[in-house]
Amino acid sequence: NPCFCILRVVKFRRTGESSRSDEDVISGEHEIQIEGVRTELEPIELEDGAAVPKEFANPTDDTFMVEDAVEAIGFGKFQWKLSVITGLAWANAMEMMILSILAPQLHCEWRLPSWQVALLTSVVFVGMMSSSTLWGNISDQYGRKTGLKISVLWTLYYGILSGFAPVYSWILVLRGLVGFGIGGVPQSVTLYAEFLPMKARAKCILLIEVFWAIGTVFEVLLAVLVMPTLGWRWLLILSALPLLLFAVLCFWLPESARYDVLSGNQEKAIATLKRIATENGAPMPLGKLIISRQEDRGKMRDLFTPHFRWTTLLLWFIWFSNAFSYYGLVLLTTEFFQAGDVCSISSRRKEVKAKCSLTCEYLTEEDYTDLLWTTLSEFPGVLVTLWIIDRIGRKKTMALSFFVFSFCSLLLFLCVGRNVLTVLLFIARAFISGGFQAAYVYTPEVYPTATRALGLGTCSGMARVGALITPFIAQVMLESSVYLTLVVYSGCCLLAAVASCFLPIETKGRGLQESSHREWGQEMVGRGSHSPGITRSNSGSQE
């Protein structure tokens with residue numbers, strides 16, 4: 001027997017497509033008949049603006065959005081494959097870690113003065129800073145997959161080419177071009193986040209951050225094996241292996257369905273969603289995919305609309321502080337270990353300053369061991385952030401990370417022994433790296449699809465500004481006063497903790513925003529508001 005339902009405003013068509021026009025609103029209610037619906041099911045009454053219960057999400061609707069499909073399909077085999085492939089791109093940490101190994105080697109082999117060695121590191125950060133926004137714009141304009149593939153292939157090409165550099169000027173230019181390519185690799189997080197269901201998003205983004213830590217550890221182990229026998233040129237070439245593997249496997253990567261919908265490619269988005277459903281062994285939602293309003297993508301002005309202005313400015317400072325403190329701690333760690341404790345560092349700096357700038361010391365096995373131990377602190381940072389980020393939220397996680405780093409920095413004022421110094425530095429690095437990872441979770445969540453890649457790109461660019469400035473604090477200011485240096489880092493992180501608390505939007509438990517024309521988080525509150533008295537039954541849409 002047919003079941004008769006009274007629905008307000010919504011028309012059902014034979015194709016399963018629904019529309020809501022101005023004429024419908026004016027004319028009031030439309031009574032329709034749906035045949036083939038089981039009569040034993042009871043109707044569900046929804047109040048105005050009420051959220052659709054999860055157990056009834058989509059079955060009563062004849063339309064769905066990408067967010068609905070991603071949530072319905074869930075996490076499965078497809079996301080595991082995507083985790084590994086995007087993780088390979090994220091393992092470009094090897095290209096960063098190699099700087100601490102390459103610098104002393106070239107300092108000795110090519111007899112470079114100290115300023116040329118420092119420039120070799122700075123030029124990589126200049127390349128990253130200058131390209132981060134550009135890669136974000138490319139990813140918003142032409143697709144996440146496109147931007148990521150080009151940036152990885154760029155980094156791979158110039159990374160391998162660096163191994164054949166005949167003179168200093170060549171390697172300086174080539175490492176700068178490597179940095180230009182690395183600036184686009186964070187877009188792997190944008191692509192990855194847009195395929196993840198809400199409950200798994202934070203944990204999964206943090207887990208691919210593990211590939212960064214794995215990359216740094218692998219680089220140190222590779223250096224131990226390669227440097228004594230094959231030399232630094234082979235180390236540069238072999239360090240590109242993860243990116244080479246990504247280049248081989250990237251043909252498997254699909255374009256983001258969210259991006260396809262925003263750019264009007266409905267059929268391509270549906271094909272991608274069906275592919276994910278097939279690989280995960282899950283059913284596709286019933287009905288027709290809603291096409292979001294097409295809008296300009298990758299426009300800088302959209303980051304400064306009234307709704308996002310404060311978020312953008314606060315995030316820029318948070319990312320700046322993260323990189324400023326993280327790389328500063330990496331530089332300070334070497335100085336503190338060589339001096340033995342904080343109180344002895346000033347006298348040691350004077351002794352070093354008296355030496356010739358061409359005095360050269362190759363890295364020893366003990367140096368590689370210390371480098372490995374400090375690198376391993378990244379893993380506890382991931383675990384702590386993983387445990388708290390879905391419990392206390394993204395904002396509080398970042399604030400807590402900055403506060404703990406600031407507290408550990410102040411404790412260094414005490415003339416502690418080497419063991420206590422090691423523990424404090426270990427904790428500080430674990431938490432500042434955890435704060436960095438929390439920022440990588442929060443930033444793609446807070447921006448809409450039209451500006452998500454650009455927002456992440458500009459934040460990454462501000463981080464590189466912090467990385468460029470920090471050597472002047474951790475090395476130059478340290479010669480004058482170690483305590484003033486620690487105050488700068490501690491104060492910066494305290495301000496960043498406050499900035500994290502003042503972020504207007506908490507993204508914990510929210511869906512990704514599809515369009516900048518919607519209120520933030522509307523995707524998770526149902527598609528549009530419902531008038532009182534709407535009757536909806538637990539039935540499947542008919543196509």
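Just so it is clear, glycine is given a Cβ too, placed from its N, Cα and C backbone atoms.
According to TrEMBL, the protein has these features:
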COMPBIAS  532-543  compositional bias 'Polar residues'
DOMAIN    81-508  domain 'Major facilitator superfamily (MFS) profile'
REGION    514-543  region 'Disordered'
TRANSMEM  82-103  transmembrane segment
TRANSMEM  115-138  transmembrane segment
TRANSMEM  150-171  transmembrane segment
TRANSMEM  205-226  transmembrane segment
TRANSMEM  232-253  transmembrane segment
TRANSMEM  307-327  transmembrane segment
TRANSMEM  397-414  transmembrane segment
TRANSMEM  420-442  transmembrane segment
TRANSMEM  454-474  transmembrane segment
TRANSMEM  486-505  transmembrane segment
Cβ-Cβ under 8 Å with the transmembrane segment (307-327): same-chain residues at least 6 beyond its ends: 398, 402, 405, 429, 432-433, 435-436, 439, 442-443, 446-447, 451, 455, 458-460, 462-467, 469-471, 473-474, 489, 492-493, 495-496, 499-500, 502-505, 516, 520
Contact between the transmembrane segment (232-253) and the transmembrane segment (82-103) (at least 3 Cβ pairs under 8 Å, separation 6+): yes
Segment-level pLDDT (mean, integer) for the domain 'Major facilitator superfamily (MFS) profile' (81-508): 81
